[in-house]
Amino acid sequence: MSETKRVRVRYAPSPTGFLHIGNARTALFNYLFARHNDGDFIIRIEDTDAKRNIADGEESQMTNLKWLGMDWDEGVDVPGKYGPYRQSERQSIYEPLIQELLDKDLAYKCYCTEEELDAEREKQKANGEMPRYSGKCRHLTKEQQAEKEAQGFKPSIRFKVPANETITFNDMVKDDVSFESNGIGDFVIAKKDGIPTYNFAVAVDDHLMEISHVLRGDDHISNTPKQILIYNAFGWEPPIFGHMTLIVNESRRKLSKRDGSIIQFIEQYRDLGYLPEALFNFIAMLGWSPEGEEEIFSKEEFIKMFDPKRLSKSPALFDNVKLTWVNNQYVKKLPLNDVVELSLPHLQKAGVVSAELNQAELDWVHKLVSLYHEQMSYGAEIVPLSEMFFADAESITFDEEETAVLAEETVPTVISAFKKELEALEVLEAAEVKAAIKRVQKETGVKGKGLFMPIRIVTTGEMHGPELPLAIEVLGREKVLNRLDTWLKNN
């Protein structure tokens, strides 16, 4: 392909499911490559497998790509001169090209039933052979074909794979890759209903849409020789291919939609209150890295830096700890009002704050969220982080370490004195709480951890957490006194 040819890349999802983290990465790398080269980024919907398509699959793809911060130059919602951009609307384009291959004797009609093909595959497996079509229908005469059709058999169309050829291409990630044609077998390019198969439709669409580079997952690499053969059959120049390594989990296994340890879909991250800029940043580093040690970049910086030569040849590790860290870096930079906006729906969904808040209640939520602003990684995390603020005194339990602290003989004296100090305060404010703790220290002679730790454990139910006077202010006078009183009655 000429190096001066305009860069045109595509993300071509099938609407058979929602936007998955792996597909999002494919889209994102294509987007960055297009924008870096002042080229075109195209969204094409590959929806020819009608049985597997789901109602909201296409919408999920588009909505969540936009949410992540991507836009495109052509697609089902951005008309261009290379449309239609749904494969289901391109049947009239495919049919004459399939006929052209038949006319050139580069394809043939196959009347084999699924049962026959299954039996053939099983026999090959039993013999230790690689399953591939035997070519049974390749040499049928016109008369034999007519006889099959008279018997009611509908043909699929198979591509005639040339024998004894080596198909080689230079991959942007893997360098030179070769396949032997003898290992491929004649493959179907149109099903019995006339609908083209994936490999045929993709090759045709990529050519007619003038796609210059095909950047996709490693799981597609076995499709590439078939697509190159189709290009060669029509005398077309193939695009430049690049196959990204797969994403793996912490066990180094391919990321699977059945893997419950990792959230798989962009919509789920969105619903949990992750920031799109943070997720964009994290995904962009899955199998690609810039020079240097820095890991936080803006979209504009990624566009400026992106070079497919820096795509990793090793599988990309999906690191949940890194994901949390990256999101936290972005949350920390947000103004408090934005973090409250991110958190509030989750507090309401959990039922710990009302759906309709007055100003005093909203002010309280601001105070609550401010305690965890530096710690939070995503909106929904506010619920487990702040659960101590909503627990009843009777439901608070202490672990072994906390129980050991509360077993010290000075603890009842400290708790009793602190309760007395708070009862004298009409309003609990952090400064007043701090002063009250100092007075307890003076009165009891207990200081340091022996003073602060029992007060923290009894009032918050936790050994560690936000600054104690602030936490007590947010808890409120009634709740704190109730917890102190409950502990004293039980000990």
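Please read every residue number as a count from 1 along the shown chain.
Backbone N, Cα and C atoms are what each Cβ position is placed from, and that goes for glycine too.
Swiss-Prot tags one of the stretches 13-23, 46-56, 57-67, 222-232 as motif ''HIGH' region', and that stretch is 13-23. Taking Swiss-Prot as the reference, the stretch among 144-148, 174-178, 254-258, 409-413 described by the feature motif ''KMSKS' region' is residues 254-258. Taken together, the residues in the motif ''HIGH' region' (13-23) have a mean pLDDT of 89 on the 0 to 100 scale. Long-range Cβ contacts of the motif ''KMSKS' region' (254-258) within its own chain (Cβ-Cβ under 8 Å, at least 6 residues beyond either end) map to 17, 20-22, 246-248, 264, 315, 318.
Rounded to a whole number, the C-alpha distance linking CYS110 (Zn(2+) binding site) with LYS257 (ATP binding site) is 35 angstrom.
The Cβ of LYS257 (ATP binding site) lies under 8 Å from the Cβ of GLY17, HIS20, GLN264, each of which sits 6+ residues away along the same chain. Long-range Cβ neighbours of CYS137 (Zn(2+) binding site) (same chain, at least 6 residues apart, Cβ-Cβ under 8 Å): TYR108, LYS109, CYS110, TYR111, CYS112, PRO155, ARG158. Most Cβ neighbours within 10 Å among the binding-site residues CYS110, CYS112: this distinction goes to CYS110. For HIS139 (Zn(2+) binding site), other Cβ atoms within 10 Å of its Cβ number 8. Helix, strand and coil content of the motif ''KMSKS' region' (254-258), in residues and according to DSSP, is 0 helix, 1 strand, 4 coil.
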